[in-house]
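Asker: Not my notes, these are from Swiss-Prot:
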| type | residues | note |
| --- | --- | --- |
| BINDING | Tyr48, Tyr175, Gln179, Asp182, Gln197 | L-tyrosine binding site |
| MOTIF | 53-61 | motif ''HIGH' region' |
| MOTIF | 231-235 | motif ''KMSKS' region' |
Amino acid sequence: MDETSIINENTDVFEKKITLIERNLQEITINDKEIIRKIIRKRNLKIYWGTAITGKPHIGYFLPILKIKDFVEAECEVTILFADIHGFLDNLKAPIELIENRYHYYEKIIKIMLMSVGCDINKIRFVKGSDYQKNSDYVFDLYKLCSYTTERDCKRAGSDVVKQRDNVLLSSLIYPNMQALDEEYLKVDAQFGGEDQRKIFMHAKTFLPKLGYKKRIHLMNPMMPGLNSDKMSSSDELSKIDLLDTEQQINKKINKCFCEEGNLQSGVLHVFEFVIFHYYTSISINKKSYTSIEDVKKDFEMKLIHPKDLKLACSNYINKMVTPIRNEMLKDIDMIKKAYNN
């Protein structure tokens, strides 16, 4: 192979990696695109995604899971953080006495989801937050970070993620500082999360340098709206389709979604846009093929797709995605009961 061919091949590999890393993202924070390129020219990007151990994961988790698959295919060094301590810091969404059981639940279901989309989990590092967040160096850095941040700083940083209340708990204020420190202690170049994490990401960019640590890259995927609300949330049963929901429960939830003929403000269309079209390259609704959400929306707005047909197709595709995950999880009923007391 001559020198020109080698250069062209390296350029092709570089561009493929950049495309995989950046596609389907909602936002990459300012100036970070160029930093990504500088790193990729030298070595593989180190990136982490953290998930707080709270309510049961839902179909909205397919968004980060599919993006993680992209990162792995781009040869990034990917770390997944199971943030168990964060789970109870956030207004005790996960009771302390259940946190260990819920960690095992999350670890299993996230790995099953990754395998269900064809991601090689052997190329991912899985970390439990409490395995390093109780170490003396981490805790002392947390004290130092708290000396630089005010109540207002931390309350603002967590306002889109941490549950808000009139008398804010100190634990909720610690949450953003710990998430900032995780970037340093996981030794990564970048943190990936939903766009609801933006204020925490900016908090990290502002305050980590005060401890002498570098600013990290931040990548954000869009947040999936709830079935009948602004955000699909693990802690809001009415907003989500749980990954353990039965076929009948899934059908019922989708059938109850607002879906007026010709009206694009529908939770059913959101499921197609944020989940189904990220999973499938082509779908069929009433025997017609579609390769983009834009085409589905166009036909629905023109009343060429009836709400009943839209809901039926939505239910069918979600059930195909969820059924193998549910079946695998139900092999360990005892683990589920211990995690969620039911």
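Heads up, the Cβ atoms here are built off N, Cα and C, so glycines get one too.
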Asker: For the motif ''KMSKS' region' (231-235), provide the mean pLDDT of the predicted model.
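Answerer: The predicted confidence over the motif ''KMSKS' region' (231-235), as a mean pLDDT, is 64.
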Asker: What does DSSP call Tyr48 (L-tyrosine binding site) in the simple three-state scheme?
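Answerer: Assignment for Tyr48 (L-tyrosine binding site) reads strand.
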Asker: Only counting partners 6 or more residues apart, tell me which same-chain residues put their Cβ under 8 Å from the Cβ of Gln197 (L-tyrosine binding site).
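Answerer: The answer is Asp160, Val161, Gln191, His218, Met220.
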Asker: Mind tallying the motif ''HIGH' region' (53-61) by DSSP state, helix then strand then coil?
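Answerer: When I sort the residues of the motif ''HIGH' region' (53-61) into the three classes, I find 3 helix, 1 strand, 5 coil.
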Asker: Would you count the other C-beta atoms found within 10 angstroms of the C-beta of Tyr48 (L-tyrosine binding site) for me?
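Answerer: The answer is 24.
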Asker: State the count of C-beta atoms found within 10 angstroms of the C-beta of Gln179 (L-tyrosine binding site), not counting that atom itself.
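Answerer: Counting Cβ neighbours of Gln179 (L-tyrosine binding site) within 10 Å gives 27.
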Asker: Using DSSP and three states only, what is Asp182 (L-tyrosine binding site)?
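Answerer: Note: Asp182 (L-tyrosine binding site) is helical by DSSP.
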Asker: Around Asp182 (L-tyrosine binding site), which residues of its chain at least 6 apart sit with Cβ under 8 Å of its Cβ?
Answerer: Tyr48, Gly50, Leu81, Ala83, Gly129, Gln133, Gln191
Asker: Same-chain residues six or more away whose CB lies under 8 A from the CB of Tyr175 (L-tyrosine binding site)?
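Answerer: Residues satisfying the criterion: His86, Leu89, Asp90, Cys154, Gly158, Val161, Val162.
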